[in-house]
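Structure first, commentary second.
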Amino acid sequence: MSTQSLYKVPSEIAANALVNDEQYKKMYQESIVNPEGFWREHGNRIDWIKPFTKVKKTSFDDHNLFIKWFYDGTLNASANCLDRHLENNADKLAIIWEGDDAKDQRTLTYGQLHTQVCKFANALRSQGVRRGDVVTIYMPMVPEAAVAMLACARIGAIHSVVFGGFSPDSIASRVIDGNSKVVITADEGVRAGRIIPLKANIDEALSHPDVNCVEKVIVMKRTGGDINWVEGRDIWWDSLMDTASEHCIAEEMGAEDPLFLLYTSGSTGNPKGVLHTTGGYMVYAAMTHEYVFDYKENEVYWCTADVGWITGHSYMVYGPLANGATVLIHEGVPNYPSPARLGEMVDRHKVNILYTAPTLIRALMAEGKEQFAGFDGSSLRIMGSVGEPINPEAWRWYNDVIGHEKCPIVDTWWQTETGGILISPLPGATDTKPGSATRPFFGVQPALVDNMGNIVDGASEGNLVILDSWPGQMRTVFGDHDRFVLTYFKTFRGMYFTGDGAKRDEDGYYWITGRVDDVINVSGHRLGTAEVESALVAHEFVAEAAVVGYPHDIKGQGIYAYVTLTKGSVETEELRQELRQWVRKEIGALATPDLIQWAGGLPKTRSGKIMRRFLRKIAANEVSNLGDSSTLADPAVIDTLIETRLNRSE
């Protein structure tokens, strides 16, 4: 890697950073050689009701798998985000909220947030929610979403947040899997000037014949729009809060008691409920937030992620609030009503740390830097990227136009399953290279293996695995532990398989190359190809479908569908649009195929297995070197697909 593409740590950052390069190397070495001692020390960064004495009991053996951290200690996640700050910082701003319309502004101090959470925790109890119950949250990006999460944590209920862009069918599958007794939603959401019918989506989801677990739906009034009302089931948020007590003692939870479920795409088509527990997750979310963003007291921190994704959980709610940060929450999207919105919000709220996604950076880049002519940006100190690998062009644009070449960029790699950041630069310690996630966080042991599971050393490429546990790791797939073992620990024995490929350069820096399984990454959000295929095949005119990702200028990966129609069906543009709307309704807008290519046949082996590598290459317009097609039952299919491909370069 040439020195021209190496960005040195700015001297003013290095002088005041939490750790420099020498300290990073020393701490990292200690965390690997003596994990017990390292995490014993750092486990005490949060408050424990009963202090832990046992630190780590873990095994990645697929026949005898166990993951336990701080496992004889007790604590409460809500108390760690709120109560611990009240003595000295009750009047400090916890949340600054800006609505879709910039005129809508609200703030909550730590004292006010504590009161709201205690009241809503009591409200949940009044509706029959008990410790260990699953509560589904389907909310817009409003402070009440964080209040609902923290209230669940306060009483030991398990929250399951569903992204507001998901369809009724997706909501229903998550409600059924979690066996939720209570759903929390709003009348409507507002996003980029559009009204999102949240309550109507919940009503449709709960009308699903297999949903019979939900007893109550709590509705927050966001817009005041007309909504359907089910007497005896539906209840207004405000009416519960009006009568709820402000006092609620935090439930004493075991470190390994569940904190939340979050569903992520699986390659089998059924979303999997990733289960995170309380102690290790809180330690890891708080520690990574402080070290990766070099967080300093009294800084304003803005993570643009939706609360429905793991980034919103770890780096908008639990991590920052455990550290006593002031968090900016934005209801809309940072490029509405114009691309200048992001810069306006940074300047308006004097944001010091910005954490956003490559897909947004690319969208802003496409609009041109003149959109930021009036942007000051002097408050910004650290910038982060999350959700997918950031391409070097977007990295440089982010650095130059938003960061004014003075803010270190932390390109973070992690997953829903990991609970927190695993590979990332540290602002005062790591010289950066555009497009590289660089080096592992403390306690994280990445490795590259070939397809046989042999570890490859030095500068090389392979499957990215992690060799030992870290505190933020998921513990199981809810209700399906066998699937957890099979998905993550059977492919490469004794290792956690990330599902991603990576390269390691001569400096030991990691470069994530993308998914190696059948999951695609659209705008930083993971979608299982099987899920989209299942939705397409459910249409009466579709006989077969194969879905792959392809390079997309804005979204990173777009969705490319090859569709074989039933006999007698006619390939028309109208049907193409109908199928796009069909998938949108079945799964949600995120899953809408960008391109649908009619396919008379698909490339299959003689055993009937679809050879996706050919489909990926054709979708990516890489048709000159497709590789060996001798195993195909009908190699001529390939020629036809190449001839009729849609993603041609001009």
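Along the chain as shown, residues are numbered 1 onward.
Cβ coordinates come from backbone N, Cα and C, glycine included.
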- request: Name the residue, out of Asp431, Asp500, Asp553, that Swiss-Prot lists for the same ATP site as Gly387, Glu388, Pro389, Asp411, Thr412, Trp413, Trp414, Gln415, Thr416, Arg515, Arg526, please.
  value: Asp500
Task: For Arg191 (CoA binding site), name the DSSP secondary structure in the helix/strand/coil scheme.
output: strand
Task: Round to the nearest Å and give the CA-to-CA distance linking Thr412 (ATP binding site) with Val542 (Mg(2+) binding site).
output: 39
Message: Taking only C-alpha atoms and a 10 A limit, tell me which of Arg515, Val537, His539, Val542 are near Gly193 (CoA binding site). These are the binding-site residues.
response: none
- prompt: Given the binding-site residues Pro389, Arg515, Val537, Val542, which lie within 10 A of Thr311 (CoA binding site) by CA-CA distance?
  reply: none
Field: Output field, Mg(2+) shell: CB within 8 Å of site CB centroid, site Val537, His539, Val542 dropped
entry: Ala535, Leu536, Ala538, Glu540, Phe541, Ala543, Ala545, Val563, Leu579, Trp582
Task: Looking only at C-alpha atoms, tell me how far Arg515 (ATP binding site) is from Ser523 (CoA binding site), rounded to the nearest Å.
output: 14
Message: Just to verify a number: CA distance, Arg584 (CoA binding site) to Thr416 (ATP binding site), in angstrom, no decimals.
response: 23
